[in-house]
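A.B. asks: Before I ask anything, here is the structure I am working with.
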């Protein structure tokens with residue numbers, strides 16, 4: 001239940017959008033909280049802001065904007081805490097011609113945990129391990145030259161590219177052979193049909 005109440009603290013209970021810099025959690029005089037976008041929409045239709053839950057009125061002086069209402073400190077505290085249960089989905093194209101959603105583990109010290117199993121969502125026996133390599137900023141390819149890790153992994157990449165290219169070539173050759181075989185059958189049948197109507201000479 002704690003997760004549900006914590007999740008409900010993270011989103012506006014009117015529009016069910018998560019709080020963000022654009023949708024700030026604003027505290028009304030009655031101590032209820034909703035996002036600044038919903039409050040702005042309520043303000044356009046009314047002079048004062050009326051709480052949708054208790055109908056309490058929050059008076060705003062003339063020229064006073066909804067953005068000038070105080071932010072809810074409890075909600076800001078919950079938003080500021082990193083949640084270990086949240087993962088950003090990353091799509092990685094694997095050599096097995098599949099695209100899978102992989103939740104990458106997150107740590108406070110390092111962005112990614114190297115050597116962790118990343119492919120937990122693969123079906124059955126198709127589990128594959130994913131090793132994450134953290135490259136220092138000064139060695140990244142955009143800033144000149146390939147990093148040493150990339151140079152070491154280059155033969156592996158070439159092998160994967162060669163094997164996928166070879167399997168593609170084999171597939172094309174196999175399909176071409178099947179089509180030639182079927183064409184031969186069709187032509188043979190057509191020649192047999194045309195022989196039925198020819199006049200056989202006797203003699």
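Backbone N, Cα and C define each Cβ position, glycine as well.
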A.B. asks: Which of these ranges is annotated region 'Disordered' in Swiss-Prot: 139-158, 179-198?
C.D. replies: 139-158
A.B. asks: With DSSP helix as H/G/I and strand as E/B, how many residues of the zinc finger (12-55) fall in helix, strand and coil?
C.D. replies: 10 helix, 9 strand, 25 coil
